[in-house]
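Novice: Annotations for this protein, taken from TrEMBL, read as follows:
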TRANSMEM  21-44  transmembrane segment
TRANSMEM  78-95  transmembrane segment
TRANSMEM  102-120  transmembrane segment
DOMAIN    102-208  domain 'Phosphatidic acid phosphatase type 2/haloperoxidase'
TRANSMEM  140-159  transmembrane segment
TRANSMEM  166-187  transmembrane segment
TRANSMEM  193-212  transmembrane segment
TRANSMEM  233-253  transmembrane segment
TRANSMEM  265-292  transmembrane segment
Amino acid sequence: MITHAARSHYGSRIPGRAPIPTAPFIIAMAVALAGLAATFVFFIKSTAGQYVDESALVEAAVARRRIGAQASQVLDSLPATSVVIAVIVVLFVTLARRRWKAAGIALAAMAGANLTTQLIKFGLPDRPDVGVTTLVLNSLPSGHSTIAASAAAAVFLVVSPRWRPATAFVGGSYAVVAGVATLINQWHRPSDVMAAFFIVALWTSLAGLVILRTGPEWNVWPGAHAHWASRRWWSVACFLIALAAGILTALILRSVAADPSASTTSFFLAGVGQIVVVGYGLALAGTVLLTFPVRRRSSR
């Protein structure tokens, strides 16, 4: 007979549930690294990428004027606000559910993501001169966006699987809005935000695997119909929003391809679309990654 201690040690011997596979998490981390590398190579190293990125930043001034200074200040406060919200939620879940280990892992991942962002930002050289008028100082990845996304990821990691689909959608939405806010306030280019999201995804994948392995007794997902926060519509919403944003971004960039200089807000809208695609796409991937491996396939 398998003891509770044995089940907790191996993190997979739970009745009605298959062992936690390592491969999907390794693949997720590899995809996040590839996304980070692709963002750097295209938006920093290529002329087309720099032009699209810089044009989005310049055109963001139009959006900033339209929303007003007060709204701009509110948007700028979102990353810091996300930390406060995350700490409160993580502390509540930790005290209520005694998930000390999960809280430690989630906060360590949050710290790791932010440290990685700072190391990359100050470790990368200045932006190369590829014929685009731009500030040469490297700003990739966005520290503001890393804070917001990693705070949302920390909450996502400590809640039980039944809450993760809804938490991924809400947290992903918050991270996207915070990322767009850094663009509107002209703190960062779209590529800076996307790079930050990929870094958070990398650390979340690693932390997720550790949490599933070390907390098997509470990491059990009864399925999409067991709770309103587990419903498929959360994942469907992430998919549809990312898909719609991707299509609109492609159409916008195609419309200005013939005469890029005629654009007044097209590149800004395309930049917003890129942030939305990456943000909601990673939210969907995180939901799949941290729910399906712990699905209970038969009743206990």
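Cβ coordinates come from backbone N, Cα and C, glycine included.
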Novice: Per DSSP, how many helix, strand and coil residues does the domain 'Phosphatidic acid phosphatase type 2/haloperoxidase' (102-208) have?
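Specialist: Counts, helix then strand then coil: 81 helix, 0 strand, 26 coil.
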Novice: Pairs of Cβ atoms less than 8 Å apart decide it: which stretch in 21-44, 78-95, 166-187, 233-253, 265-292 has the most with the transmembrane segment (140-159)?
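Specialist: Checked against 21-44, 78-95, 166-187, 233-253, 265-292; highest Cβ contact count belongs to 166-187.
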Novice: Looking only at the domain 'Phosphatidic acid phosphatase type 2/haloperoxidase' (102-208), what is the mean pLDDT?
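Specialist: Average per-residue pLDDT within the domain 'Phosphatidic acid phosphatase type 2/haloperoxidase' (102-208): 95.
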